[in-house]
Amino acid sequence: MLSTCGPNFKTKGDVLYLSQPVLSYNNAYTYIIGVLLLANSKSRTGYACIRGSGGEFGFFSKSVLRQSNAEAANTFSRWMGTKYLFSLMGAFLSDSYLGRYLTCVSFQVLYLIGLIALSLVTQLSLLKPQGCGKLGQLCEPRSSAKTVIFYVAIYMITLGNGAPEPAFAAFGTDQLDEEDNTEKNLRIHFTAIFIACILLALVWDVSVPSNGEGLYEVERKQGKNNGVRRILHTNGFKYLDRAAIITLVDMVKPANPWHLCTITQVVEVKSILKLLPIWFCTVLSSVVFIQMLSLFAEQGAAMNTTAISNFHIPPASMFAFDIISTSTFILLYDKLIVPLYIKVRKREPKPPSELQRIGIGIAMAMASMIIAAIVEQQRLKHVDSKNTRGLSIFWQIPQYVLVGVSEAFVYVAQMEFFATQTPDGLKSLGIVLSMSSSAMGSYICSIILTTVMAITSTNREVGWVPPNLNDGYLDRYFFLLAALAAINLVLFVICAKRYSPTSFENHYSRTGF
């Protein structure tokens, strides 16, 4: 049968579902299918809508749920944090029980149920009287039962959207063969293209065969670690090597796996522990990105949103500049940015490593907070005694663009870094590390804002982020975030300098700082 496939196909070492041999197309057909399948799946889950709705979510919280600016921002931060936290559960289920394909499919049911429940409870129960929530019109006070149903619905959406997130990315990289030179080169750019497809919401019609043949790869049944690259032993965390020492108790066959570990298991644990300092630094950088989704929109709502011919610009729509800048930078990175970088440095033609790109992204995030603070200072200067909105909302464009470019540096690089530095058997866990940093960043963001409001609202003061931003000091809060980003950058440089890349057998990854 293989001889009839034509000269463009070759056999690979893995097998398909029902033990059929894998056929690899020489022009990286499997890579294209992986990208299109992921982009189509994520467009169905509404990832861009979930992530980009921070401003509208905040306005909904204030007008319908009757929350203050700080409460609305905290509600959104916790919601986003839980969404990314669910990805940890999804990675565990994917690697240990369900598998990546079944994880991707099954959680879409919960996502669909959550969307239906959210639509029903909002339309039938919360938006009373009809038309409330528009143009600053507050809705009627809601009962506790209706509020509970609302929160159950939105967190069901986060479960269905967040849990399969690492499985989607790992499922795509599974289609690429590390030993094939063509697919190996394309694998390097997979993460960037994957994220760009999500942000641009590209929808492709993928024909799925009824029997599922040829769509995804599974490992052979001959051994648990068959086809998985072996990690070379390191001298770091030497005390963990004791778990692999054979004692008299372990002479009994079979050995207790909770008492005696293989050296491979020990090295895998070491590789995860080495990543934690880098992971902690990416957690702090996520605080800036979460604030962009909430407080930037609230800042824009307090500015002049009228454009040409009295055209009103929704403050949340300014998030489009973040998406455009992120997607454009990702798509132009290899074709324009890297060649320019090499030309400027005039050194050996090597693009920036993953850690270097993360550091650049953190620095740009700090700069975006400084610009946001300056814009807020100028906005307050243009507010007269009648609280008239003077400064145009278009002054927010630079801060949105800077955050977008920062995201392009940090998110793509950290996903590549964690995916390549974790063992092959824990690939989903490596991807979920990058997502869990956003989860923890969301919760830390909520803690920081709550603490700041508790400190600054004493002695009958309204605090830095009051319901009316004209009475507060949002610029000071942005400067505080910029200072935290600067401290985070210093810590990251120290951790990146001390990090030693994980060494795989017959594999080399350039991840140093």
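Counting starts with 1 at the first residue shown.
Heads up, the Cβ atoms here are built off N, Cα and C, so glycines get one too.
The transmembrane segment annotation in TrEMBL covers 84-103, 109-127, 148-168, 188-206, 275-296, 316-334, 355-375, 395-419, 431-457, 477-496.
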Chain residues outside the transmembrane segment (148-168) and at least six past its termini with a C-beta under 8 angstroms from it: 38, 41-42, 45-47, 50, 65, 79, 82-87, 89-91, 93-94, 100-101, 103-104, 107-115, 117-118, 121-122, 125-126, 428-429, 431-432, 435
Paired segments the transmembrane segment (355-375) and the transmembrane segment (84-103) in contact, 3+ CB pairs under 8 A: no
Contact between the transmembrane segment (275-296) and the transmembrane segment (395-419) (3 or more Cβ pairs under 8 Å, separation 6+): yes
Surrounding residues of the transmembrane segment (477-496) on its own chain - C-beta under 8 Å, 6+ positions past either end: 277-278, 280-281, 284-285, 287-288, 291, 295, 355-356, 358-359, 362-363, 365-367, 369-370, 372-373, 376, 448-449, 452, 464-465, 512-513
Segment-segment contact (the transmembrane segment (84-103); the transmembrane segment (431-457)) at 3 or more Cβ pairs under 8 Å: yes
Long-range Cβ neighbours of the transmembrane segment (431-457) (under 8 Å; 6 or more residues past either end): 70, 73-74, 77-85, 87-88, 90-91, 162, 165-166, 169-170, 275, 279, 282-287, 289-291, 411, 414-415, 417-419, 422, 463-466, 473, 477, 480-481, 484
